[in-house]
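Q: The structure's right below; bear with me while I get my questions together.
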């Protein structure tokens, strides 16, 4: 491309482009497409000005041959191509002599006939898209915009094209020639795509057939076809009175647009009340694993066999007792349920052959814990038609809960590294195309950053538990099946490891609809004393079941081992999504990929390697009361993954609503930061919609608190 530019353009233009790139610290050897774009833009600016003069009568004339007798003044002052200091000097001088308003950005030309600055654009995309980008950036009614494309299209402010047709045709022909020359050398595709930094398949996307008819049918009133509507939108003056424009569009609209300033937004109000409680389906940072390394026992891989093998590694069992009761439950039933599990596991061990699955005896404590016979009787609606006061039973409003520090601790823990590897590198065969090579490289770098992450452990744990529970719900509908909570990983040395977190006992599960609920009792090992944060464990009955010897720097120490027991429930659709938690890896990888793409687009080459290997660079991770938190690229990967995993673990209607509504406020704040002068109407209604979602969910409350930190720092 560099050779082509030096052959194709006048040496003076090439020299000016080199200077411009040097001034902005850009390397023309690397950013060759940018080099070509600057040369093209300079040439169009010079061609725009060439041969245009103002005669003694003040008329604009075109003179192609030098006539030394004519007293002619150049019609256009060329600003583009000068160094910044000189360019601003020229602009200031013009403003002082003509009284023109000083522009915010350096324009390309000044037209002495029309007394206006001109911004010239040369685009490889649709002219109207580029025009809108320019208009949004400049935000000035005094600077005239004129856009040319390589396909012969053009667009100008108020369709005022300034020059005569022949002069414009000369510019279009030159652009078309540059395009042809590039295409002949195989440079055009790369040049065209580099403007937006992503691949586009069609140069011009024409709508035809059914889609075209639908487009014409779905236009607002008073527009006969899509072209008319496009022209109206392109000519829409954004600085006009928006209220007036709105009322033109529809008689029903009556909106008062208020300017959105730095002082406009207020913090989101978080609810007051007792602290929020843990509501995930399994323990996260508080979970304890009983593990076996290099499992090679008989029946290895069969969950019940693995569980019994893990249970045998622990010798500190003791008579269980309740240390933190569940306030509303019959706690003795939870205690009896655990004793029953231990007893039935011991019974299995005395059998000659361990069964593949274990169904628990339907004791009174398990029937109570699993809500057996507690569901109200269903009656066919036709049999109730004659009952005059038939109504849905009243349900209490949920109690408001306040944010508690434990959920931030949970999130921080999810971002940390463990000493185990939770996902393997998938081998997908040899790469064929270059894009596959880049994709594999990105996947491998990303996997290396997150394979040890605790959030990845939660993914594998969630996938296992949900898969096992859904299988059991379908295969043993009437049974109280015992399901071990298991995960598998590798140690740093590469040895296989099987972990047992505890057990689930499933209730009756005749799941016809996606939302039908299956009840289960979870019993999970932990070293966390529930009395330290009793509000977190509101839904749990916690037993002390043993003492565990732990090795530390100062020798061995004994810690009490707890069992967190609770009744819970889930549905087919929730289990289906739980089984697909690996998608969180994909979502966070795509977010990282878009960061790499943005970087690659600026540098005009793939930046994957530099992105992951430049360990010194700090990236923004998130907002906290202290300000913008920064960290390594690995930390960014793990934080994005943890957010995605928590969205899955704490999925709820409150989260859906908060995400959708707070996003609107976020976009307005970002527009303000980008100096786009946003306006809003019914901002109070938006706040109401956001705050309506803040009820009792810990993850939503934490996100709202983060959002407030963002508002504080974004509007400083």
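Cβ coordinates are placed from backbone N, Cα and C, and glycine is handled just like the others.
Note that this is a predicted model, so its numbers are computed, not measured.
Not my notes, these are from Swiss-Prot:
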type: BINDING; residues: 41, 108, 119, 120; note: Mn(2+) 1 binding site
type: BINDING; residues: 80, 108; note: Mn(2+) 2 binding site
type: MOTIF; residues: 124-139; note: motif 'Nuclear localization signal 1 (NLS1)'
type: MOTIF; residues: 184-247; note: motif 'Nuclear localization signal 2 (NLS2)'
Q: Name them in sequence order: residues not among 41, 108, 119, 120 whose Cβ is within 8 Å of the mean position of the Cβ atoms defining the Mn(2+) 1 site.
A: 44, 45, 80, 107, 109, 118, 121, 122, 146
Q: Give me the long-range Cβ neighbours of residue 120 (Mn(2+) 1 binding site): same chain, 6+ apart, Cβ under 8 Å, in sequence order.
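A: Listed in sequence order, they are 41, 44, 45, 48, 80, 108, 109, 146, 147, 148.
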Q: In sequence order, which residues at least six apart in the same chain have a CB under 8 Å from the CB of residue 119 (Mn(2+) 1 binding site)?
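A: Expected: 105, 107, 108, 134, 138, 143, 144, 145, 146.
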Q: On average, what pLDDT score does this prediction assign to the motif 'Nuclear localization signal 1 (NLS1)' (124-139)?
A: 82
Q: Under a three-state reading of DSSP, tell me whether residue 119 (Mn(2+) 1 binding site) is helix, strand or coil.
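A: Going by the DSSP assignment, residue 119 (Mn(2+) 1 binding site) falls within a strand, counted as strand.
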Q: For residue 108 (Mn(2+) 1 binding site), what is the tally of other C-beta atoms lying within 10 angstroms of its C-beta?
A: 23
Q: Enter the number of other CB atoms within 10 angstroms of the CB of residue 41 (Mn(2+) 1 binding site).
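A: Excluding its own Cβ, the number within 10 Å is 20.
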Q: With DSSP as the reference, give the number of residues of the motif 'Nuclear localization signal 1 (NLS1)' (124-139) in helix, strand and coil.
A: 12 helix, 0 strand, 4 coil
